[in-house]
Amino acid sequence: MADVDDFDSLSNAELRAKMLAQGLPNIPVTDSSRKVLVKRLRASIGGQASPAASPKKTNRRETLAPAPGAPSAPAAASTPVDKLDGNKVAPATKARRTITAAEAKEPVRRLPEEAIRRRPDEADRLRSEEPVAARKPTTAPAAQPVQTRRTSTSSGSERKVVEPLRKPETIVEQPASSKRADREENYLKVNSLIVLESDEEEDEQLVQAADLVEQEHAARQKTTKLASSGTTTYEYKSKVVEPPRRQVYEATAAPVLPPSVPSARAQTTSSTRSYDYASNPAPGRYSSFVRTAAQGYVTAEAPPVASYSSSYKRTYANELSDDTDSKEDQYESTFARNLARLRAERIGDRISPYSRRTLASGNAGSGSLGYEPRARRSLRPNDNSVSEAFNRWLNSLEQKYHIKSKLFIVLLVLLLIGVYYIFY
């Protein structure tokens, strides 16, 4: 232990020589690596493995430094491996490598001490004898893995030769497969003939079905033509209208009627156009009757349809009104018309009554379609006096701050102060 404790007092060169004598690799000793190398040296002297050295680095340095002593260890280690497991080649080689790395350390590290202590002649004699001893065991076991390989390859080749003998068995089965192929070909030929015959039958059925569809379609077209010719039937009834009025909106042109209709139209100057649903002879699901804007209203000595004109003017008050009022008004009841008039009166003028005027007759409240609305007046009243504005301002202050009671208290205090100054 005294030798171990003296490492801290040694210089770098002495410590390096001590490491080489112990069998450690030739590493230069510096102040930074001194502690690590001292630990490795103490571990090697104590019989422990160096903690910081990896096996790869030690193997490289050990094989390079002592050249003659290295082959003796693997040679000695290779003999028991071949004897224990001679049949398996790959595990034997792996076992050699791992055992040599472990066993080669001690003789390599202790060779320099023996060489230093003994004479140089004895060291040379040991180095010359060790390779001779290493050559003897390596020659004999080297042949064993070769023999095992030869036996393994020969056994594998024998198995491979035996396997092709089974091929004639498959050749014997070929005529049976050829019979099956012939049967399948014959079966396909028979089926193909059946498929062709069935295609012809389907084609004939398709042609017959197409003819039936064409015949049914032609019959339907004939029935629809007959039904459409009798759907547009109109019944005109003469009726006296009181009071008469003029149309003040622009109506769309009426559809062209059948040639039998104008004769009935020429007989009456004032008539109501109504559609009689009971007189429709069409048994179909849908009717071709289309109701237009020129039907369903009452005319009283009105000019022809083409001469209708509108004197309705667009103003700011009715700018946002519906554009289809003229079309929808004919379906409205009198109650709906009166309600619309009352709403217009409320919206228009808030002081004077607002009336809907008919442009043609000038009667107010008659429920006519066209009217000329007046411009809306401003919401501010006309008479704004200063006293009324001041009263409104006082009322607002009273509602918000209750200022009357506070003003009364202030005036009472001022009155008391005045009385005090007057009498005292």
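Using N, Cα and C of the backbone, Cβ positions are placed for all residues, glycine too.
Annotated features, as they stand in Swiss-Prot:
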type: REGION; residues: 1-50; note: region 'Required for binding to Med and germline stem cell maintenance'
type: DOMAIN; residues: 1-30; note: domain 'LEM'
type: REGION; residues: 42-186; note: region 'Disordered'
type: MOD_RES; residues: Ser44; note: phosphoserine
type: MOD_RES; residues: Ser50; note: phosphoserine
type: MOD_RES; residues: Ser54; note: phosphoserine
type: MOD_RES; residues: Thr63; note: phosphothreonine
type: COMPBIAS; residues: 65-80; note: compositional bias 'Low complexity'
type: MOTIF; residues: 92-99; note: motif 'Nuclear localization signal'
type: COMPBIAS; residues: 103-133; note: compositional bias 'Basic and acidic residues'
type: MOD_RES; residues: Ser152; note: phosphoserine
type: COMPBIAS; residues: 157-170; note: compositional bias 'Basic and acidic residues'
type: MOD_RES; residues: Ser192; note: phosphoserine
type: MOD_RES; residues: Ser198; note: phosphoserine
type: REGION; residues: 259-278; note: region 'Disordered'
type: COMPBIAS; residues: 262-274; note: compositional bias 'Low complexity'
type: REGION; residues: 271-400; note: region 'Required for binding to Med'
type: MOD_RES; residues: Ser321; note: phosphoserine
type: MOD_RES; residues: Thr324; note: phosphothreonine
type: MOD_RES; residues: Ser326; note: phosphoserine
type: MOD_RES; residues: Thr358; note: phosphothreonine
type: MOD_RES; residues: Ser378; note: phosphoserine
type: MOD_RES; residues: Ser385; note: phosphoserine
type: REGION; residues: 406-424; note: region 'Essential for nuclear membrane localization'
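Secondary structure of the region 'Required for binding to Med and germline stem cell maintenance' (1-50) per DSSP, as helix, strand and coil residue counts: 31 helix, 0 strand, 19 coil. In the three-state DSSP scheme, Ser385 (phosphoserine) falls into the coil class.
In this structure the alpha carbons, written CA, of Ser44 (phosphoserine) and Ser385 (phosphoserine) are 121 Å apart.
When pLDDT values are averaged over the motif 'Nuclear localization signal' (92-99), the model yields 47. Remark: secondary structure over the region 'Essential for nuclear membrane localization' (406-424) totals 18 helix, 0 strand, 1 coil, with classes taken from DSSP.
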